[in-house]
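If you look up Swiss-Prot, you'll see CYS75 marked as active site, nucleophile. The active site, charge relay system feature in Swiss-Prot is assigned to HIS164, GLU166. According to Swiss-Prot, the feature L-glutamine binding site maps to GLY46, GLU47, SER48, ARG101, ILE127, ARG128.
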Amino acid sequence: MNIGILGIQGDIEEHEEMIKKINHAPKRIRTIEDLKNIDALIIPGGESSTMGKLMKTYGFIEALKNADLPILGTCAGMVLLSKGTGKEQPLLELMDITINRNAYGSQKYSFESELELNGIKINAVFIRAPTVDKILSDEVEIIAKEGGNIVGVKQGKYMAIAFHPELSEEGYKFYEYFLNEVVKND
């Protein structure tokens, strides 16, 4: 499968390496034309306000709202998939959730935590991580919690997580999970 990684800001190279590790082809997405011929898209972590502005400037907001494409959002990607954050910023609004940005505090409060997603254990890296504040419809499934906070959700062809699987040695397991749960079932 060809897995696109939005290449305007964030942990792009790390996601590419994980996609290669599970024997799929990563494709860096820099323009809306690059969205052709991919089977799924990853929106990486980064700074969600900056990413949202760049996505709007380059036409990604409208293009992705109209695309029939499975999407994984990690950290800032989770924020961008949400309906709202309590702050004015461009969002895709594809998932029926609202977000608490930087719920765990500043970068100095980054941490790792063992999470289990449907029997898959991974060491999750949280950096200035968001959490789901509200679930707005029954279509949203909780797939991960950390300390009582919702840090992973799935809705149809969209999956959003607060952590960085690309920074964990066994993070490739999460990409396999995404491809099996969302992309292959689409």
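The backbone N, Cα and C atoms fix where each Cβ goes, and this holds for glycine too.
Taken residue by residue with DSSP, ILE127 (L-glutamine binding site) is part of neither helix nor strand, so it is coil. Taking each Cβ in turn and tallying the other Cβ atoms within 10 Å, the top scorer among the recorded positions CYS75, ILE127 is CYS75. In terms of local Cβ density within 10 Å, GLU166 ranks first among the recorded positions GLU47, GLU166. Comparing ILE127 (L-glutamine binding site) with HIS164 (active site, charge relay system), their Cα atoms are 8 Å apart once rounded. Look at the Cβ of each of the recorded positions ARG101, HIS164 and count the other Cβ atoms within 10 Å; the largest number goes with HIS164.
Among the recorded positions GLY46, ARG128, GLU166, the ones whose Cα is located within 10 Å of the Cα of the residue listed as 'active site, nucleophile' are GLY46, ARG128. For the L-glutamine site, the Cβ centre of GLY46, GLU47, SER48, ARG101, ILE127, ARG128 serves as reference, and the other residues of the chain with Cβ at most 8 Å from it are GLY45, CYS75, ALA76, VAL79, ASN102, PRO130.
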